[in-house]
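Read through the structure below, which is laid out as structure tokens, and then see the notes.
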Amino acid sequence: CYSGNEIVKRFLKRHTGLGRKLKKLLSIYIENTHPFILPQISDVLSFVKEILQQLTNQRASIEEDIQSSFEDLHKQLDVRKSVLLMELEVTYGLKQKVLQAQIDSLLRGEGDITTTCTQAEEALAGDPCVASLQVERELWERLGELAGLGLPCQPEENDQLDLVMETDGLRKSIHNLGTIVTTSAVASQSEAMGAGLEQCIVGHPASVTIVTRDKSGGACKSGNAILSAEVFTPDGSIVDGEIVDHKNGTYEFVYTVPKEGDFSLALRLYDQHIKGSPFKLTVTKTLEAELDVAKRRGKSPGQKKKGSKRASSALGTPRRKTQNPIEDDLIFRIGTKGRNKGEFTNLQGVAASSNGRILIADSNNQCVQIFSNEGEFKSRFGVRGRSPGQLQRPTGVAVHPSGDIIIADYDNKWVSIFSCEGKFKAKLGSGRLMGPKGVSVDQNGHVIVVDNKACTVFIFQLTGKLITKFGSRGNGDKQFAGPHFAAVNKNNEIIVTDFHNHSVKVFTLEGELVLKFGSNGEGNGQFNAPTGVAVDINGNIIVADWGNSRIQVFDGSGSFLSYINTSADPLYGPQGLALTSDGHVVVADSGNHCFKVYRYLQ
């Protein structure tokens, strides 16, 4: 009986040639696979380790949030306890004072009457004389006075001191307080479907459905997965859109492309491409697309409504009638596509500070870049990541009167606060926000956050305390469909761009609608998905019209005034918009990977 090793040795000894061939094949296998397999495994290993590290960091961050939230609740409970004890003492003191005063009064009356009666009895028991008659008369008058005092013979207060503690609802709220949100979805198994994967019509919303699955291919049944979707043009520009979470493991990406051509649609789950991504996308004019659809359905093109020519206003602002036909309001433009200083990839929000600075939220480069009003690069800050102090997809930026820089982080679902030097200070809205897009600051120093996914406007103190919120998904007066940015006017009213409802809405700080204007179209005062918004010193409202690639100006009542002339260097998908400290308009020209500054006469 031989061991396994001995059997192999004897076999190779008898079949030396076969052993040499096996060795040679093994050598060839190692030689050919080692340079490819090991690096691939190494890359995957590094990637998985990075995900594990991010998961660990996220756990630490959430643990910190839980500790902080419950410490805050403890403080609030202690404060409420102190208030209740104080109210108890004050209420008791008031009642006790009334009752004690009544007791003192009654005791004094009782003592006076008893003393007088005793004196009267003594006087009556003595021998009658003129002096005793005088004493008796005085005692009689004294008793009359005491009888007429009208001492309080009924209680002047009650003994009620009750405590109402509605703890059942509170206990239920505490029982349900906080939820750890996660999914088992992985990009390699998740897939997309829908007509919007292959073709869409210029200017018309297209839709794609994403089904998330776990590592075994099973459909996920819950929402809250972190998805991102981008439509890339041939020149690398990015078209914006909206992701709707159906809360059942499926998501819908709705987007609109403003021009025809061949595009690329990238769908990522946790920053990884899902199955088939990126997808090749063809965008055609309305008439061509309808003819194609008619052919596929076997219908006569004559049954379709005839396509109309796109109005010139949709291609840019009408040119002024000047001797130089290409003269416009552009002062300068800064930026090209890239990741270096002064370069951008899908820039979104814009802010302007009182000290002559322009701040740009460079979304896909995960940073904020700062320039002077003259376009000189000053600094930038931001590190990619999902931990506090890191940026994953900065979309909105604002400057607080204190100088702090406020950044809406769409994918991290919170708002980060940085010092003017770019040092992280705090975050707010974590656990409340679903997809913050734009941020602004009101005249009270409160932070206004436009939550694109939740279709809600949140108002926070700089400390993170929620003051109020308003809005829901829909097309009603107090509803939104993918709101983008906000500005605040001199009346401290909030102006919000309602992207898919093609309108601008003005609200009080309490969420009451003051004004609504705009409709879908290409004419004066109409919008095709408005984005950036700003207000000048006269209360005029400046709006970036994303789908029509133009900038419109309205008065405070929503009446159309004019365009900002952009015809010499047309905009392509403008996003954030602000007024600089020297009175010019700065806009993020997202599709052209630059920001532009225009003359503006206020």
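Cβ atoms here come from the backbone N, Cα and C positions, even for glycine.
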Coiled coil range according to TrEMBL, out of 45-72, 213-240, 381-408, 549-576: 45-72
Top partner of the repeat 'NHL' (558-601) among 182-283, 331-374, 378-421, 467-510 - counted as Cβ pairs under 8 Å: 331-374
Contacting positions for the repeat 'NHL' (467-510) when only residues 6+ beyond its ends and CB under 8 Å are counted: 205, 242, 254, 349, 396, 437-444, 446, 448, 450-452, 454-461, 516-521, 526-535, 537, 539, 541, 543-544, 546, 554, 556, 558, 575-577
